[in-house]
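Q: One structure is given below, represented as structure tokens, and several questions about it will come after.
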Amino acid sequence: MKVTYTIAALAGSALAAPKAEKSPRAPAAACSSAVTLDASTNVWQNYKLHANPFYRDEVNKAVDAISDSSLKASAAKVADVGSFLWIDTIENIAKVQPAIDDTPCSDILGLVIYDLPGRDCAAKASNGELKYNELDKYKTQYIDPIVKLLQGAPNTAFALLIEPDSLPNLVTNADLQTCKDSASSYRDGVAYALKSLNLPNVVMYIDAGHGGWLGWDANLKPGAEELAKAYKAADSPKQVRGFSTNIAGWNAWDLSPGEFSTASDAKYNSCQNEKIYVQKFSAALKTAGMPNYAIVDTGRNAVTGLRAEWGDWCNVDGAGFGVRPTATTGEPQADAFVWGKPGGESDGTSDTGATRYDSFCGKDDAFKPSPEAGTWNQAYFEMLLKNASPAF
Ligand code: BGC
């Protein structure tokens, strides 16, 4: 996953340290009757983002690999944090049912729908399995089977994050041949996903990049219109609640002045922190005629001042885990802070010889070495943990 934008179309002793216990699997007592989510309300006030078994396993393995007993103890706590599960290939649809079986009635299972044809058209690190002209395969072999699984679990609540980066890329990277090629599959694919996944036990958020991307003054309106177009092409599905921001991103929520506010081009972007971006983008969505509540990824945004440029997106060095998932955001348009990107999974490989090597992952501010996107990076996980704020 990556994020490219163009401006304005332009401590204690070992003895005293607590013993690290592996987090036990959550007791899964599914709801006893069908779940109906009212997408005109903030469902995060009633449901907790589930600490899904896949991230829990990754973290538990990471805990095993740590020898320092105090770090081990804090690492173990990460297993209990709710995060989204990425369904990034057809094969990984197999992760959905075990995650459903693990979700208690108190929780909402977060899934990222992420397999569009020609995926990640403005970068290389997360190029997907489907070619830009394989829309039919996306519909029948990816979306349809997921719909079946969700229909088969009426007693489970789901929050879906729809196709990170895709529509934002059509707004700002439309001049790239790869994005031109993918444009119609993205638009039709997102609309198909929204229409098909419009189930009573589901609430959906369409990805809107972040403040350093669609937050540029010249991008807000076209960005909102691009999302609204997909929403309307899907016949305005009832279960769409709004948009997601900062997914796999690094922006601080309400830092003021904002991290890049002294940059020479700052005057062209009035969204200098993510909170302002949520406010302005939601206003633009309202004008464009789409539901406009947000979820915001705070998984890795604890440390600021690390990126040379706002658009740097790959494995930012020095990052830390941010605020844990919560419906207390202090901002009426922001439903919840969530962990979108599972912290510890790479954004892209730093191996310059790899097919999916993207130069952003070789920049000075990118952590190296880093494995392929989505693959576990133990050293990066430990860094996020040490730099976490609030601390674990
Ligand atoms: C990768 C996916 C992965 C996701 C979550 C993306 O950058 O392309 O394969 O599932 O990150 O780590």
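Here, residue 1 is simply the first one shown, and the rest follow in order.
Every residue, even glycine, has its Cβ placed from backbone N, Cα and C.
In case it's useful when we look at the structure, here is the feature table from TrEMBL:
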type: BINDING; residues: TRP86, ASP88, HIS210, TRP213, TRP313, LYS341, GLU345; note: substrate binding site
type: ACT_SITE; residues: ASP120; note: active site
type: ACT_SITE; residues: ASP165; note: active site, proton donor
type: ACT_SITE; residues: ASP347; note: active site, proton acceptor
Q: Which entry in the list of binding-site residues, TRP86, TRP213, TRP313, has its Cβ near the fewest other Cβ atoms, using 10 Å as the limit?
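A: Fewest other Cβ atoms within 10 Å, among the binding-site residues TRP86, TRP213, TRP313, is found for TRP86.
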Q: Near LYS341 (substrate binding site), which active-site residues out of ASP120, ASP165, ASP347 have their CA within 10 Å?
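A: Neighbours among active-site residues, in sequence order: ASP347.
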Q: Tell me which binding-site residues (TRP86, ASP88, TRP213, GLU345) have a Cβ under 6 A from ligand 1; sequence order is fine.
A: TRP86, ASP88, GLU345
Q: Including all protein chains shown, what's the count of other C-beta atoms within 10 A of the C-beta of the residue listed as 'active site'?
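A: Excluding its own Cβ, the residue listed as 'active site' sees 27 Cβ atoms within 10 Å.
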Q: Out of TRP86, ASP165, HIS210, TRP313, ASP347, the recorded positions in the record, which is closest to ASP120 (active site) when you go by Cα distance?
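A: Ranked by Cα distance from ASP120 (active site), first place goes to ASP165.
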Q: Could you say which of the binding-site residues HIS210, LYS341 has its Cβ with the most other Cβ atoms inside 10 Å?
A: HIS210
Q: Which number gives the other C-beta atoms within 10 angstroms of the C-beta of the residue listed as 'active site, proton acceptor', all protein chains shown included?
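A: Excluding its own Cβ, the number within 10 Å is 28.
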Q: At a 10 A cut-off on CB-CB distances, which of the recorded positions ASP165, GLU345 has the highest count?
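A: Sorting the candidates by Cβ neighbours within 10 Å, the top entry is ASP165.
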Q: Count the other Cβ atoms sitting within 10 Å of the Cβ of ASP88 (substrate binding site), across every protein chain shown.
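A: Excluding its own Cβ, the number within 10 Å is 19.
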Q: Can you tell me the three-state DSSP label for TRP86 (substrate binding site)?
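A: DSSP assigns TRP86 (substrate binding site) to strand.
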Q: For the substrate binding site, please report the maximum Cα-Cα distance among TRP86, ASP88, HIS210, TRP213, TRP313, LYS341, GLU345 in Å.
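A: In whole numbers, the farthest two Cα atoms are 23 Å apart.
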Q: In the three-state scheme derived from DSSP, which category covers GLU345 (substrate binding site)?
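A: GLU345 (substrate binding site) sits in a strand per DSSP.
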Q: List the Cα distance (Å, whole number) between TRP313 (substrate binding site) and the residue listed as 'active site, proton acceptor'.
A: 8
